[in-house]
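Notes to accompany the following structure.
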Amino acid sequence: MTDAQMADFGAARYLRKSEKERLEAQTRPFDIRTECFVPDDKEEYVKAKIVSREGGKVTAETENGKTVTVKEDQVMQQNPPKFDKIEDMAMLTFLHEPAVLYNLKERYAAWMIYTYSGLFCVTVNPYKWLPVYNAEVVAAYRGKKRSEAPPHIFSISDNAYQYMLTDRENQSILITGESGAGKTVNTKRVIQYFASIAAIGDRSKKDNPNANKGTLEDQIIQANPALEAFGNAKTVRNDNSSRFGKFIRIHFGATGKLASADIETYLLEKSRVIFQLKAERNYHIFYQILSNKKPELLDMLLVTNNPYDYAFVSQGEVSVASIDDSEELLATDSAFDVLGFTAEEKAGVYKLTGAIMHYGNMKFKQKQREEQAEPDGTEDADKSAYLMGLNSADLLKGLCHPRVKVGNEYVTKGQSVQQVYYSIGALAKSVYEKMFNWMVTRINATLETKQPRQYFIGVLDIAGFEIFDFNSFEQLCINFTNEKLQQFFNHHMFVLEQEEYKKEGIEWEFIDFGMDLQACIDLIEKPMGIMSILEEECMFPKATDMTFKAKLYDNHLGKSNNFQKPRNVKGKQEAHFSLVHYAGTVDYNILGWLEKNKDPLNETVVGLYQKSSLKLMATLFSTYASADTGDSGKGKGGKKKGSSFQTVSALHRENLNKLMTNLRTTHPHFVRCIIPNERKAPGVMDNPLVMHQLRCNGVLEGIRICRKGFPNRILYGDFRQRYRILNPAAIPEGQFIDSGKGAEKLLGSLDIDHNQYKFGHTKVFFKAGLLGLLEEMRDERLSRIITRIQAQARGQLMRIEFKKMVERRDALLVIQWNIRAFMGVKNWPWMKLYFKIKPLLKSAETEKEMANMKEEFGRVKDALEKSEARRKELEEKMVSLLQEKNDLQLQVQAEQDNLADAEERCDQLIKNKIQLEAKVKEMTERLEDEEEMNAELTAKKRKLEDECSELKKDIDDLELTLAKVEKEKHATENKVKNLTEEMAGLDEIIAKLTKEKKALQEAHQQALDDLQAEEDKVNTLTKSKVKLEQQVDDLEGSLEQEKKVRMDLERAKRKLEGDLKLTQESIMDLENDKLQLEEKLKKKEFDISQQNSKIEDEQALALQLQKKLKENQARIEELEEELEAERTARAKVEKLRSDLTRELEEISERLEEAGGATSVQIEMNKKREAEFQKMRRDLEEATLQHEATAAALRKKHADSVAELGEQIDNLQRVKQKLEKEKSEFKLELDDVTSHMEQIIKAKANLEKVSRTLEDQANEYRVKLEEAQRSLNDFTTQRAKLQTENGELARQLEEKEALIWQLTRGKLSYTQQMEDLKRQLEEEGKAKNALAHALQSARHDCDLLREQYEEEMEAKAELQRVLSKANSEVAQWRTKYETDAIQRTEELEEAKKKLAQRLQDAEEAVEAVNAKCSSLEKTKHRLQNEIEDLMVDVERSNAAAAALDKKQRNFDKILAEWKQKYEESQSELESSQKEARSLSTELFKLKNAYEESLEHLETFKRENKNLQEEISDLTEQLGEGGKNVHELEKIRKQLEVEKLELQSALEEAEASLEHEEGKILRAQLEFNQIKAEIERKLAEKDEEMEQAKRNHLRVVDSLQTSLDAETRSRNEALRVKKKMEGDLNEMEIQLSQANRIASEAQKHLKNAQAHLKDTQLQLDDAVRANDDLKENIAIVERRNTLLQAELEELRAVVEQTERSRKLAEQELIETSERVQLLHSQNTSLINQKKKMDADLSQLQTEVEEAVQECRNAEEKAKKAITDAAMMAEELKKEQDTSAHLERMKKNMEQTIKDLQHRLDEAEQIALKGGKKQLQKLEARVRELENELEAEQKRNAESVKGMRKSERRIKELTYQTEEDKKNLVRLQDLVDKLQLKVKAYKRQAEEAEEQANTNLSKFRKVQHELDEAEERADIAESQVNKLRAKSRDIGAKQKMHDEE
């Protein structure tokens, strides 16, 4: 979008980058290889440039000039400049945390606060007003697609609105974030946008009959101020923080016009009503009322305008700078009016708010000598009761003495002061919460209109994830809500992403990311989750928070990964459990959760609330029902009880589930709000704070999910247009190619990873980073093309310029030629005549042209007039047509509206029709099914009736079979009993196995302990070895250690100084606090003194008044004496009255108890009532008499009494006022004294803390002084040692100067020096690492001191040696100097002697030092080190072998126990399964047996019937053919019976055929199962063969590698022997010189050797430790593999078990299939034999493979030991080279010194002549030649060492590979063994099954034989009957013929 198009948005620069910025970003230089982000402690990440990469580490220079070195995986690439301030962060090429952070930061710096992040929008709070919400911006965003406009909350809103209209689907906008992030403001903007566009669309129809209420748009907007007044408050982060969540649904009609709205609220923070933190305040409404903007409110609520007068609202701050409470009150009141609240409703809301303020001022005190509470003043109670419409006395009574139901009776319970205050707080919170909920309901009623509504858009404004230092029940509810919303967010986002892949036809395996958080959600909400356990605990009366915690731990600790035990840190709040949420781990404190969840109320006071005269109060608590009232109710009463006692957690879960249900029915849009900083400073972004929110809000998670697939996508046309430049030949210009195919060709022709992109139907999809690579390639291509174009353009320009120059030259030549020709003819007469005639010819031509032009003008004029007339006609026509067009447009618009409505109705009707058709179809199908079922049931009924008639006949026969069945029952019971006994035995086996498992675990733990002990022993041995070797450590090592000690001490000193500074600062802070408290204390004391003086003045005034009061009392007493008689009389009457009343009450109580049942009691009651009436009359008479007397006395003393009464009233008022003031002062004094006590306590605590801090500071000072002293001691010792070292070094240099004089070989030495320097640096690093390890190991002070003393002794010994050498050197020097001074005159002789001595010394040095420095030291060192290292290697190898042996034994034991456990487990499972299968088989066999018995009985009955019929027939035949008619009847009967028998036979044959079909099917299935099992066995055999071949190949490769290693080892040994021979020869030549020359260097060399030995031993120990760890890891991997294999085998066993069960079920269906079982058994037996043979073969093969593995393992161990020896030899060679390097450095220094001395000697010996000088120079040249030869030999030895080192590395690598192969072979062998065991188990199970089936087969075969015999008998009888019937028929036929 261009800048001109962006101008429509009004505030363009706050929404999108300008074109200029985009161009500058694209042209800015950028190197993608060096520009990066690196981590930073303060800023999270900073931009940097990579300087170098080395060894997995990167050195980079940050943008602020700082150089840092970090690991390579911590460096993250920057995106190219074209992605700066990108509007959608999902399009970033390199998407990671720093890229997201810096994109947000750069946009925020440019005030672009909205940014897309994939499918959602991120907004950052600007903390200032931006012009991006006005009407111009609203209009600009209306109807724009997301891609057409910059990111904005209006764009999200408009997209939701357009989706709603086009997709016909409800929408939702989820706005989340922390408090102060701008959620409420963005919610307002969304509502403003919808109200605006709805108002634009429906402005003509806004006619509301109630003008005061306002339009629906106004009401929706005004709902916010009303809810904010009662639901928003100032917090630490936000001055207008919403303390509740809300879901606002805005309903629209079918055409998108606003219809209605409603609001749902969640989690109102009730606790804020009675408690606020210091920097916070209560809800805004309290301070708005107290702002005195509406004085009538203060009068109505009986409050002042001072918030500090009310405890509930003055615990924190009472005013906010950014909020004008008085103006907000007017806005709230106006919002009530717009929302249609009546005056009574408004007054009720204000009264309840004021009553809550008075509630907080109610005071209670403890009764004397009791724990019960009583009111301490009733003024505030009276006010609150008045405002709530209650009786004050009843309210106080209900608070102090509530009625509690105990059993079936009510008991009055006394409350303590603390309980009363808790009850008041709970009631205040409940009143406020219910009032707030009522307001929401009332607003919803106002926003509910009768207009039709089709869809809605919901806006969710809810608190974000909260992780505080103290997290309670509220945080759990909020975090649980966010967990559910995040799950919904993940699911929705990635489902959309994957749907696009599906729509585009990309191959994609669907992944459900929504279940990522299900474990945590289930932990909270599922049965026996946290919420469930909390609700369960709330049901128990004795439950506490600790029982709740114990249940949580029992159910979830160790069972759920999301539930953890927290680590409590000192200084922080205690935490009881931790939950792993998606945003981080949160520690929760459960104190008070049960009370919070139950939220109990004082039911006595609630009962008063229900009877309140204030209508709103009664309405709020009308639905509340207590536990006792709910018990007796039925129907609706029961529901009320359940709802009123619903816990807070259950209610929250119910609301949350409703919310999630609503959200799932909508299309969601997500907005994440971010706080940029805690200081509310505009334009400043705190990186760590923002990163924390991005993680908690799921922004990074959302981008990760969005990017997991193919985040970058481009339409084919756009891709082809932009990237065709990369390879134009791939898409030829002349011919047409489809964009998709063109993109495919183009990408295929590029040199990129072709797995990084996919082709969809309309787009090409890219993985992350590939698009950036294409951009880089495009930029390079463009730069090359532009360079070429520039070159061509410059060439073309120069060619054009050259052409112009040529043309100018040609033109000049032509002009010159013409001028010359003109000059030649200008005076010619004919030419002059031509000049004169030429103009005349032109004038004639012009006249002709003028005439033609006039004619043309006339024609044009006529045409113009015609066209003008025509234009006027057309204009008239156009006007009429425009009018018609407008009319038609109006008609079309109306028709379109009607058509839209008709289409909607049509769609609705079609949907209804489809639904009805589906219902009709379903009903017809159901009807058909019912008819079929009815027909079947009718047939069954008929059949059953027939069977019933037959069964009635068979009852007698069945009785006979009962006995047999009983016997079988007893047999089966015996079998069941045996099975139960077997089960008991199996249970015992299980118990034994569990015990063995425990023992195994204990043995495992013991083995681990032993392993740890062995490691400790190794560590102690290593430490002792280090300690022993440190005793002979050299001077250089000790100095380095002392330097490190000093550095550590300096570090400790700095740390202590920092701690001291911090401590001093904290002490200063405490002292400042102490001073402030003392000042406050002084102020309070001054106030107290003032109050005391006031009290004294008041007391004096009270004394004066008391005097006057006494005088008046004296006068009153005189008058009272006259009234005394009357009083006594009245007292008697009153006493009599009270006695009668008491008797009456007693009588009435007795009457109530007795029930007035008897007539005697009735008569007594009547008598007593008569007496009572008489006494009442007497009393009334006495009262009248008394009143008359009193009236007379009053009249007598009226004047005096009136005066005294007035005085007394005045005095009483004064007294009451004084007492009130006194009580107030007393309360204030109590508060002040309590405050003073608190201050004194705090002061004492602070003094205690300060004393402890001072003690700590003193201890730190003492420690610091000790450290300083030790540091000073170390410094002095170091200086001393340095001086001694310097002296020693100087002496050594002087000694060596005599040996290595005049050596010059720098040029040939430089290359070797560099190599040796690198080796030295590596050795130095290793040395530093060793020193660091030693330092970290020095945890014991005594050990350090001992080591230090031993080192000092070694140093003293060295010092003595050095001092001796020094003395000798000094003697030589003094002697030499004295000789030189004394014999100056004999200079020539001295020079000769000196030359002779030098020559002798040089000869000695030539014989000694050349070979000494090169080989003798090497030989000694190698021998010593080889001996020591061989001892160490043998020791470590022995230890490693012992540990390895233990490990192997342990592995074997573990494997055996595991095998036993698995076998027993499998046996148990198989036995259980077999028991179950046997029971099912028993049941089925029983059923089959019963069926066979039934068949047998039917056959018997049929036989019996036939026999009876035969006997009847024979009897009839015996009687003779008495009657032909009777015989005819008999014949017909027999024919009928014959037909019945034939039908029965046919049915029997059909059933036999059916059973035979079943048998055939079972045979087929069994054959299939058999083929499957054989196929699996064949596959297993092939796998075994393949594994065997692999093993053989691996063993062969191991054998070849071992042979190569053996050959290389032999070669190395040969080289070593040769070197040892050379060394022996050199030793003989140099032994004597060695003793003279290397006396002082042996200590240094021995110390270095010991240091290297120590390092090698430490490396060996580390390697051994690593090997042990690797072995443990291998064991664990083996365990996991065994477990996995076990699971696989279990699955296979279960699968085979299922198939076996199916086969058995089919097998037992009929008795005829028994024969098939027999064949199966035989085949199984054959298979078992085959499997046994295979198993034995496999076992032999496995044993052979195991043996081969063992042999290979032994060979590998040998190779490892050989490699270790070679590595040790290499290490020795390295040590030798390092020593040579040091010797070389010393020699170079000596050469320098000798050169200096030689120069001095040359100056001294200038007079000595040139001959001596020439001799010395010749000698120097010889020495140089020898040195070069020595250097060559040294270089050759270094080359040999490097070769051996490379060989050792190769061998080491080969041995590691062999180890891995061995491990793999071992794992494979273990798997094969397990498989063999599994096959064995399967074979045994198959054999057992075959035996059981065989026994069953035999049993059933026997029964079948019996049944067949019975069937044969029956068949023979039937045949006989048939023959008889045929005979009878023949006879009958013959009889008929006769």
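Residue positions begin at 1 at the first shown residue.
The backbone N, Cα and C atoms fix where each Cβ goes, and this holds for glycine too.
Here is what Swiss-Prot says about this protein:
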- 31-80: domain 'Myosin N-terminal SH3-like' (DOMAIN)
- 84-779: domain 'Myosin motor' (DOMAIN)
- THR378: phosphothreonine (MOD_RES)
- SER416: phosphoserine (MOD_RES)
- 656-678: region 'Actin-binding' (REGION)
- 758-772: region 'Actin-binding' (REGION)
- 782-811: domain 'IQ' (DOMAIN)
- 789-806: region 'Calmodulin-binding' (REGION)
- 815-832: region 'Calmodulin-binding' (REGION)
- SER1089: phosphoserine (MOD_RES)
- SER1138: phosphoserine (MOD_RES)
- TYR1260: phosphotyrosine (MOD_RES)
- THR1276: phosphothreonine (MOD_RES)
- THR1283: phosphothreonine (MOD_RES)
- SER1308: phosphoserine (MOD_RES)
- TYR1309: phosphotyrosine (MOD_RES)
- SER1511: phosphoserine (MOD_RES)
- THR1514: phosphothreonine (MOD_RES)
- THR1680: phosphothreonine (MOD_RES)
- 1907-1938: region 'Disordered' (REGION)
- 1924-1938: compositional bias 'Basic and acidic residues' (COMPBIAS)
* Asked: Sequence-remote contacts (6 or more beyond its ends) of the region 'Actin-binding' (758-772), Cβ cut-off under 8 Å?
  -> 32, 79-80, 93-95, 501, 503-507, 707, 709-716, 719, 740, 743-744, 747, 752
* Structure fact -> By Cα geometry, the one of the modified residues (THR378, SER416, TYR1260, THR1276, THR1283) nearest SER1089 (phosphoserine) is THR378
* List the helix, strand and coil residue totals of the region 'Calmodulin-binding' (789-806) as derived from DSSP. => 18 helix, 0 strand, 0 coil
* Inter-residue C-alpha distance, SER1138 (phosphoserine) and THR1283 (phosphothreonine) (nearest angstrom) -> 116
* **Alpha-carbon distance [THR1276 (phosphothreonine); THR1680 (phosphothreonine)] in Å** => 60
* Structure fact -> Taking DSSP H, G, I as helix and E, B as strand, the domain 'Myosin N-terminal SH3-like' (31-80) contains 3 helix, 30 strand, 17 coil
* To do: Determine how many residues of the region 'Disordered' (1907-1938) DSSP places in helix, in strand and in coil.
  => 31 helix, 0 strand, 1 coil
* Asked: So, by DSSP, how many helix, strand and coil residues make up the region 'Actin-binding' (758-772)?
  -> 3 helix, 6 strand, 6 coil
* Structure fact -> The DSSP breakdown of the region 'Actin-binding' (656-678) into helix, strand and coil residues is 9 helix, 8 strand, 6 coil
* Three-state secondary structure, which DSSP defines for THR1276 (phosphothreonine) -> helix
* Quick one: which of these modified residues, THR378, TYR1260, THR1276, THR1283, have their CA within 10 A of SER416 (phosphoserine)? -> none
* Asked: What is the nearest of the modified residues TYR1260, THR1276, THR1283 to THR378 (phosphothreonine), using the Cα of each?
  -> TYR1260
* Asked: Do you know offhand how many angstrom separate TYR1260 (phosphotyrosine) and THR1276 (phosphothreonine) by C-alpha?
  -> 23
* Asked: Can you tell me how the residues of the region 'Calmodulin-binding' (815-832) break down into helix, strand and coil by DSSP?
  -> 15 helix, 0 strand, 3 coil
* Which listed residue (THR378, SER1138) has most other Cβ within 10 Å, given these are modified residues -> THR378
* **Rounded Cα-Cα span from THR1276 (phosphothreonine) to THR1283 (phosphothreonine), Å** => 10
* Asked: Got a sec? Which of these modified residues, SER416, THR1680, has the most Cβ atoms within 10 Å?
  -> SER416
* To do: Determine the Cβ neighbour count for THR1276 (phosphothreonine): the number of other Cβ atoms within 10 Å of its Cβ.
  => 10
* Asked: Within 10 Å of the Cβ of THR1283 (phosphothreonine), how many other Cβ atoms are there?
  -> 10
* Structure fact -> CB neighbours within 10 A of SER1089 (phosphoserine), counting all protein chains shown, number 10
